[in-house]
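According to TrEMBL, the protein has these features:
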type     : residues  : note
TRANSMEM : C:5-25    : transmembrane segment
DOMAIN   : C:28-179  : domain 'Sodium/calcium exchanger membrane region'
TRANSMEM : C:31-48   : transmembrane segment
TRANSMEM : C:60-81   : transmembrane segment
TRANSMEM : C:87-111  : transmembrane segment
TRANSMEM : C:132-150 : transmembrane segment
TRANSMEM : C:156-177 : transmembrane segment
TRANSMEM : C:205-224 : transmembrane segment
DOMAIN   : C:205-343 : domain 'Sodium/calcium exchanger membrane region'
TRANSMEM : C:239-261 : transmembrane segment
TRANSMEM : C:273-296 : transmembrane segment
TRANSMEM : C:302-323 : transmembrane segment
TRANSMEM : C:330-349 : transmembrane segment
């Protein structure tokens, strides 16, 4: 029934999005149409990814989700950076980190927990990820912010480039570690998805995934153009749009997939999506944007604002202590959602 | 022998407290009388609670302790708030958090550890509590303090009210989670108290508990009136009285019960008292006072001072890493006590 | 082959160090000679300690390493303090903490991990150490720095002395706990070194250890005199020399021993060296220097600079989350090394 609803929404909103954009309909209305179109497309991305995950195993499945989930963020960020909107880019990266750790994981744990009393996931991954989150969000983002007040602007950019290079090397070392060197070394009991039939075969899943991803990228681009008018209409600041609105819509694909997986008790994939996506934003997208900005007129140092840093650091610490036992329930999901709500209120008022 | 000493102290100090207050004896002397009276009454609260705990099981027993332990803090806070003493209220809430995590737990672990080489408690509770402490003390208290510098006073109060509402909802969700939805789901081996005989039967325990609690409330009220004179006499600042003195006397009930339980190797109850009491202060008493202050002339935002915040955050992180393995000994107790001493010295000098 | 290389280096550089110092050769050249001499002597300290460790068991072996590894730091610090160089002393203490947690442990995990897929160490020690690191580095160092802005200079020194006394008491309690009260209580499977033959017998090992340690102390003293010229030549700030250069050379003994142990899969000793050395610096050397400074013209309060504090706190949190599962691999080593590199770049630019 949900699937029929989403199919109907897709059939109505996606063509409407392109036609309305072409004809120049009112921005506030089109903002809603674009958002619904992305959400419905995201559900197809989710189902296609799930089919591929059944064929490819949880690790590759998680990686697929992360890749297709972050295409939107990367695209928006590159265009915004090219246009010189540094603060919106940093805000949307902040929002991606916070919403993956608190909103995506929170909804998965809460909704999954309404069905199952206790859900478990690989405790070795949880602990590995704790160290990585500490490294990339807490150390690599906080450290330059503290040292910046003792440095010149040129030195800050030098430090940012060095840190970006180190983070990218570590990111590729992580992929090598997970996929080659230690593939399966830390595996615990599987989620049991090998017993299941995929909804679509490999070829069909790839076609749906690819076309939905391309459509999402186009509509995201249109969506960005409506932000200015929508912000004025609803009284939202740029920071709130960047941290909360872009992140919720931009993460809807991960969100829907992670909840679907939680609902099927495949918590390894849910957690892989939430943390994997955070790590990809922090260790790959962010340093890549720092290096890309060297080719552009406006350079982007690795300097988040104080509210953004505090929100990210608190989110990381909270999620680490929620994740670290490899055991979830609805109440732990509720804690994460309450934290997301508090942070959202803060950015709304600021 | 200790019990006879405490009974003697009770018989001398409690009537003396009421008579001395009525006759207006010197404040410094009465301060000592009131303190001793509260400590001796607290031991009866402790023993009555223990008897009830044997009948009701460790979870309800812990809940009873928390409730009767925090009655004093809540009463003092409401009266001080009504009189407009915002900073004393926030200082005493800070003191309650710090002294529960460091002093109550520290004394329990240290004294219990002198008798037993290793003491264990439920590791699932320890990890659950780590996430909750991160949420309510670190996130909910630090976040508004950082954002406050970007907001107007009215916006700070709006944010405080929203956070207070979210915390209260989460607190009731926690009670539902522990007592209904997941009752016994995370239980490990019991502390073995079902084999024991309670000291008093249920009816007698309730009568002793109720009359001691009422007497403590009255004497606490008298005690507060002596603080100004005592502070001048001993050279104590308001902050030191709020954070250290009120907290030590106000927590003597929990302290004595927690140590008694540690001495009987019932670490689940000891830890439940220390952390449960902290959570009740942070998730229930504090947000309730924020909302109650809306009805009073002086409104109380959720804004702790920087020294108070740092002391609470450091206490939470230290206690989480001491608690997280579910295994205690005298040296871990000593670490907590050393931390309490350092924080106390800081607030004495400030 | 490595051993022959180190022996050759020793035979060339150690006599050259003393002769060159006597004849007053150029400081930049002698800086390199002194450094190579210390590194080659350190390898002998490492091998002698290993021989003693096989005879004495891993705990005493680890203690021996820590003692002989920190002799250099303590000697340099006392002389620098006597000469009034407060900031260099605090910088070198910072550097010792950071390089033990990130560089020594990082190299051990990385190089050990190239040979073994997974290496394990005692998980109880790891958790115990997490609490201790939180206490001494995070609480005892951060707390006075925050409170200092509310205090007079005399009050800051009073607070520093009290904290120093508390830390020293806790340090001796820790030794009593580990060596007497709870000796072997938390032992897991041994590292298996009892099957091995020591390289040198006890007497020979002690003689080599003692003479190498004395030579290291002398050459360290000469090394310090070259810092000013070397700093100007290479463009290094005092802070960079204190935090990075002194620490790398000063820790070369621990570094080489820890890597040798990791290479032999004796991770308990490796981790004991890295964390034990950090704890000895933070809980013993630092407070001792605060108390010793009372006898000197310039008093040293327990006040680290903001960059030093942030670097230490971030290192402690990162290493705790890397250590806490008692399981290491090359990638975890790489994370620690990446963090060390980022911090090093920060102190180079500052």
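Note that the numbers count up from 1, one per residue, in the order the chain is shown.
Yeah, the Cβs are placed from backbone N, Cα and C, and that goes for glycine too.
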Three or more CB pairs closer than 8 Å, sequence separation of 6 or more: does that hold for the transmembrane segment (C:273-296) against the transmembrane segment (C:330-349)? no
Most CB pairs under 8 Å with the transmembrane segment (C:239-261): which of C:156-177, C:205-224, C:330-349? C:330-349
Given a Cβ distance threshold of under 8 angstroms, which distant residues of the chain, six or more beyond its ends, lie next to the transmembrane segment (C:330-349)? 98-99, 101-103, 105-114, 236-237, 239-240, 243-244, 307, 311, 314-315, 318-319, 322
Contact call for the transmembrane segment (C:31-48) and the transmembrane segment (C:205-224): at least 3 Cβ pairs under 8 Å, seq gap 6+: yes
In the same chain, which residue numbers or ranges, 6 or more beyond the ends of the transmembrane segment (C:156-177), come under 8 angstroms Cβ to Cβ? 132, 135-136, 140, 143-144, 147-148, 279-280, 282-284, 286-288, 290-291, 294, 299-303
Short question: which residues 6 or more past the ends of the transmembrane segment (C:87-111) have a Cβ under 8 Å from it? 70, 73, 76-77, 80-81, 119, 137, 238-239, 241-244, 246-248, 250-251, 254-255, 258-259, 261-263, 267, 270-271, 273-275, 277-278, 281-282, 285-286, 289, 300, 303-305, 308, 311-312, 315-316, 318-319, 322-323, 328-330, 332-337, 339-340, 343
Using DSSP three-state counts, the residues of the domain 'Sodium/calcium exchanger membrane region' (C:205-343) come to 116 helix, 2 strand, 21 coil
